C-alpha cells in the first residue's frame, strides 16, 4: 500500500510590486521585518525593525505588531506603535506611511517520502548543533554557573528536543530586552550568550531579519564588516585589560534562525562547556572565522558550507593550543588550565 503523502501549511510574505523574493514566515515564529537589503527598503522613515510578524499557519492569519515609530497599516487602518492586528489573506499591509505593500499567502505543500527522509537526516544534524550551541542570550540575574537546562520529557520518559522555533523566539526576545543588551546601534545589538562557553562570550546580531548564512549575499557585506567591528569594540570595552585571546566567527550550521556572530575568549573556562559537541563547534572548521566569511562574500557573493560539516561535531577532543588529544571533557578542562595558568 503506498505511503500517504504528508502535507504542511506554509506562509509567505509577498511584496506586491515584486521588488524582492517572498519571505517565508515559519509557524508561530516571530520574524522582524523593516529597512534592510532583504526587503530592498532604504527609506529612513522605515525602521530596521518596523514590524514583527508571527504566522498562525493553522488558523490562516499573521499577527502584525508595529515596532517602528512611523505608522504601519492594514487596509488603510493604522496599527499603532506597539499594537498588534491580524493580517488575513486578501488584506494589504503597508510597511510604513502607506508605502511598500505586502500581502500574505498560505499554501499546502506536499512532502514526498524522499523529502521527509532528507528532512529527518537534516533534523539529526540540527539537533546535534542545537545541543552544541544551546544559547539565546543571558537571562536577567543569571550567571555562567547557571547553565543547566532540564530536558523536557514526555509521559514515557523520552527526552523532547527543543524546537528550532523556540530557540529563535528566545533569541529575538533577548535582542529586544534592554536588560540583555551589552551594546546596540541602528544596525546591530550585542547580548551575552545565555550559555557562555568561555569567560567572555557575546553574540552580535543584526536588527534586520536574516535567517542564516545561506541567505547572505554581497548586499550584506557592509553589515558583516560592521558586525565584526562591533565585536572588536565589545572586546576592547569589556575585556580590554584581559590578556585572553578572542575569536570572532559563525557556526556553519547554526541552531537558531537569525544570523549571529560569536565573540568568544579562548580560555573555554565555563561550566556550560559540557560535551564534545560544545567543544568541536568552536574548535574545528565548524566555526567559520568572521574575516573568512567576509572574504567569501566579497569574492563569491555568498557563503559556502562544505557537505558533511555536522560530522565535525563528532571528532575526538583535541586541545586548541597544543593539539594534544584528550579522552574526556573533565580531562580537557584540567589540561587547559596549564595553558592559561589557572
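Each residue, glycine too, has its Cβ placed from N, Cα and C.
Owing to the predicted nature of the structure, the values given are computational and were not obtained by experimental measurement.
Among the features that Swiss-Prot reports, region 'Interactions with ADPRT/PARP1 and NCL' is placed at 1-102, with the record citing similarity to another entry. Per DSSP, the region 'Interactions with ADPRT/PARP1 and NCL' (1-102) is made up of 0 helix, 47 strand, 55 coil.
Annotation comment: Swiss-Prot describes 118-122 as motif 'Nuclear localization signal'.
What Swiss-Prot records for 123 (among others) is phosphoserine, and it gives a large-scale study or a structure entry as the kind of evidence.
As annotated by Swiss-Prot, phosphoserine applies to 127 (among others).
Per Swiss-Prot, phosphoserine is recorded for 134 (among others), and the stated evidence type is a large-scale study or a structure entry.
Annotated compositional bias 'Basic and acidic residues' per Swiss-Prot: 151-164, in sequence order.
What Swiss-Prot records for 193-197 is region 'Interaction with DNA substrate', and it gives similarity to another entry as the kind of evidence. Taken through DSSP, the region 'Interaction with DNA substrate' (193-197) splits into 0 helix, 0 strand, 5 coil.
The average per-residue pLDDT of the prediction over the motif 'Histidine triad motif' (258-262) is 95, rounded to a whole number. Sequence annotations record features per position, and here Swiss-Prot assigns motif 'Histidine triad motif' to 258-262.
Here the motif 'Histidine triad motif' (258-262) has long-range neighbours at 168, 171-172, 175, 193, 201-206, 209-213, 216, 227-228, 231, 247-251, 282, 287, 290, meaning same-chain residues at least 6 beyond its ends whose C-beta is under 8 angstroms from one of its own.
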